[in-house]
Amino acid sequence: MTDSLTRRTLLRYGAYGAGAAALAGTAASWDRLTGADIPGRDDGSLVVATLGPAYGPEAVRTLTEGFKEVHPDIKLRINAVQAVDWSDFFAKILTQIAAGTAPDLVYVATEGVQLFAQRLGVPLDDWVKRDAGELREYFSDVHPSLVESMMYEGSLYQLPVEFNAADMYLNNQVLKRAGADFPAADWTRDDFTGLLRDMKKSSGSQFTPYFWTNRLWGGVVPWLFANDTNLLSESKAPGGGWLWDSFYPAAARQGRGGGFRWTTPQATDARVEEAYDYLASLIQEGLCTRPEGGNGQNLIGVFSTGRVGVTPAGGFWAGGLHLAGMKADGFDVQYFPRWRTQRMQYGAAGYALLRTSKRQEEAWEFIKYAARKDTLTRLFETNQTTPARRSMLTADRYRETGPNHWQVFYDTLDKFPNTGPIPAPPQVAEVEQVLLKHTGTALASRRSVAPALRRMQSDLEKAMERDV
Amino acid sequence: MTNTQIPAVRPPQPATPPAPAPRTAARDRGSRLLATLFLAPTIVGIVVFTVVPIIGSVVLSLFHWNVIDEPSFAGAANYGEVFTDSTVLVSFRNTLVFMVFAVALQLVVALVLALAVNGRMPVWLRSVFRSAFFFPLVLSAASISVVMKYLFNQDFGVVNWVLGLVGVAPVPWLTSENAAMATVILVYVWQQFGFSFLLFVGGLNNIPKEIHEAASLDGATGLRKHLNVTLPLLSPTLLVASVVGIINALQVFEQPYVLTNGGPGDATRTVVMVIYESAFEQLRFGEASAVGVLLFVLIMAVTALQFRLSRRFVHYQ
Amino acid sequence: MSQATLSLSRTRHSLAPWARIAALAVCALLTLGPVVWTVSTSLRTPAEAFDLPPKIIPTDPSLEAYSGVFDQIDVWLLALNSTLVTALIAVGQMITAGLAGYAFARLEFRFKKPLFGLVLATMMVPLQVTIVPVFLVLKSMGLTDTLLGLIIPAFPTAFGTFLMRQYFLGMPKDLGEAAMLDGCGPWRIFRSVYAPLAAPGLAIVGVLAFNYHWNEFFRPLILETSGQNYTLPLGLVSLQGNLGTGSISVVLAGVVLSMIPAVAVFVVGQRPLREGITSAGVNR
């Protein structure tokens, strides 16, 4: 009895103690709980939303401090949204828009360019014309195709700061094992197939020559481009002359318009089917992995350890492979192989200015600042992306991380002027979902290609009819 | 839920109930006042942060809204759309299939393990087993799914490597329509069974030893003993475990989202994934709300059905 | 002697104890396998991460990945935020669930059944459906982008309330009746008779709340905007690097680090948890 009594008393005092501690702790951390200790909240700062994984705390600091030097009068807040992928990122931005607390600027990749342009964005045309002198240097350093991919119906909505084209990464050790030479720049699809076969023959069972991820960028689309087709028919919007005429020489202006238009679905096109048939045959032969959804987290590991020989990736992989412990000469990069054409695909990203912003002038200043060479140089130190500025791709930049043929990254644009962005109309979210979904079933066997593409076609038609 | 409370295990009861306490108006008032005070935090919180938002989404389900423009009234159009959208319909089928197998597997695994752990063994060992089986519950579903995605990779994963050692050909765990749902269920159950397991361990502890001994004396052995004696005594626990299991399973999101992103095809697309995709990826908030409302109704119906069935199958001592 | 007979008689009709224990051991290994792989990979270099057979014991264990985590993100601030959020939610839920559970179990009042149904029904609403309206409500309270905005909406807990109701129902009714005969009012009965017995039940509510909210991702993603307000799961995302190019070892080291507090709470709370669940799971 006494025992239980003392225990109970103890318990009670323990509970009082814990309660008091909790209260004291809450009181002490009140500022933390209410965010009152964060300087410069709701003080009329210019608010920029970036994608967290691409902009770590270090990058955010660099951007903020650099901007302060140039524009001490503009208060800036950068919110690095810690989203796992673009759809998480959009979920966050959309919720803020719905609540009327949208940021002024949003970092948007090709996937979202037209959606933002159509619904949320402000064209930058007037500012670009006004500050033409200041921007001449920028445009001379950036490939017109990247700029065109940021245009919508004749107007420019973003200044691209980074891009990634799908090139072929090759593991040198696997090449050597197969007794194969580094492929020539103009290698063909059949050379590619032969290389995969050689790799397969010379390797053990825990090895698959070609690995890829089922997504819009770098999945099936590069093969469609190589086979001179596209998921949706592609054309150019009229207009854009105002930009091309004032910033680009005649040769570079050739064929440029007011941005891309992706309209009629053509999944049942013979060449699309041909591309799927080809991939299905590679899978059947054990030369290629089955399409897996999601991001490429595993991929770097299997490639760097030589369990994959070839994979499509962009400049962002140089830094990734380096982090994964791969030596600069352990891998190299070549263009995507030629099929009917050697057209390649890329995605780019930059800052979009939202219509709801009340600080559009300041926002424009940030856009210019973010596209400056010194800013990008400070930001892109680890090669986790490809800078949009040609002059930043130097031997020096790639000395430590590799690859040897780093010129391939920008030459994918310079030497192949028809290289274009992934198809991303305003309905991109649904288009992408339909593509991934039916690609998964199409490649289950060779016989399933045609029926799956028919279903893809009808789903794409429905998606494109929808008014976003 | 009924209001007749019959605790499964109670100290010996007096043969006749104690004389009813004198009920006075004052006492009742006191009880009501206290109840109001006690319930206030929960009810106010629920009204503000759940009921109001639910009403919001029911209203929203009657509108077309893309977040950006003003909502426009749609009447029942969103519901009509939902019932003709094959992806939505498939997602409901997937979710029900997922629920049935995930919950059944989870309960069986948990029950078998709980019975096994309850058997004779050193105390420390029992404690080790209990902790091991509960452990996955401590982890974040999203991060562990990333790990699982690698382990189940067809070409490079550890699972196929182990199977390869015993001569099994590589299984396309995540990339074939047939296997993908099974894999998602497996990963989900792996993480979730610990909860039912703990419930069962608790339930078994509460079954008086004498009942087992009496059953053994009557000649009941092994499996039969468990089927005829243990299971009925455990039925209230089973009810709780299955209700909570079903409610959670019908809302599964992280595992399919990370492991397969709903594919291949729509093979593993669940209702909550469709809600997320149509709202936040495709900007169709009205339609997403309509799907949400339907899911809510479905969960309520399944739960109500369970309680109804439970009257026949759940035994209280 | 009697023990020997007993185990003999057991072997006759059920699995031999050693076979049962061996089977359990296999199951335990399967259960912990992925966790072991995660921990061991976080101690390996990325180059070894995907080796087959997996090197469960790294040839060259290194803590480099862990220092990488601390270099890349502000672990301490994130952990402080996560701790504040999770601890306050846990305490808050223990209070709300304890009180409401008691009211539903032991007090008489009008609309008891529908109110209890309402509480239970909130378990059935997927977060993704209500997040936009919730955001709007928080905005009207000025609580977006604050930790309180994460904490306060999480106070009411349907499952916790349900659990505590079961728990109080499991306590002998006679105790309260005796106290009533002694002239105690409802408050005294709660405070002196039932509340002191509630600790194990409250412990489960607390541990489960901690578990769930420590790992929470979607709500913090939507509600928190400033980097200073991020919780650990949000911070860990940036370890993945742009387009998934981060080092897998560092990513997993982050996962392991964030696992530690949840494991610790589980270990400490294991006993009350077990006791609590024992009595909560069986009544209705």
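The backbone N, Cα and C atoms fix where each Cβ goes, and this holds for glycine too.
Worth saying up front: this structure is predicted, and the values here are computed from it rather than measured.
The domain 'ABC transmembrane type-1' annotation in TrEMBL covers C:79-269.
Taken from TrEMBL, the feature transmembrane segment applies to C:21-40 (among others).
Annotation comment: TrEMBL describes C:75-103 (among others) as transmembrane segment.
Residues or ranges marked as transmembrane segment in TrEMBL: C:115-138 (among others). For the transmembrane segment (C:115-138), the residues of the chain that approach it from at least six positions outside its boundaries are 100, 104, 144, 149, 153, 156, 158-159, 161-162, 165, 218-219, 222-223, judged by C-beta separation under 8 angstroms.
What TrEMBL lists as transmembrane segment is C:150-168 (among others).
As annotated by TrEMBL, transmembrane segment applies to C:189-214 (among others).
Marked as transmembrane segment by TrEMBL: C:248-269 (among others).
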Spatial neighbours of the transmembrane segment (C:21-40) far in sequence, C-beta under 8 Å, 6+ residues away: 15, 54-58, 252, 255-256
Cβ contacts under 8 Å made by the transmembrane segment (C:150-168) with residues that lie 6+ beyond its boundaries: 84-85, 88-89, 92-98, 100-102, 104-106, 116, 119-123, 134, 138, 143, 194, 198, 200-202, 204-205, 208-209, 213, 219-220, 223-224, 231, 276, 279-284
Non-local residues, at least 6 beyond the ends, that sit with Cβ under 8 Å of the transmembrane segment (C:248-269): 38-39, 41-46, 49-50, 64-66, 68-69, 72-73, 75, 79, 82-83, 203-204, 206-207, 210-211, 214-215, 232-233, 235-236, 239-240
Intrachain residues whose Cβ lies under 8 Å of the transmembrane segment (C:189-214), provided they are six or more past its termini: 82, 85-87, 89-91, 93-94, 97-98, 101-102, 106, 154, 157, 159-160, 163-164, 167-168, 171, 175-176, 179-180, 232, 258, 261-262, 265-266, 269, 272-273, 275-277, 279-280
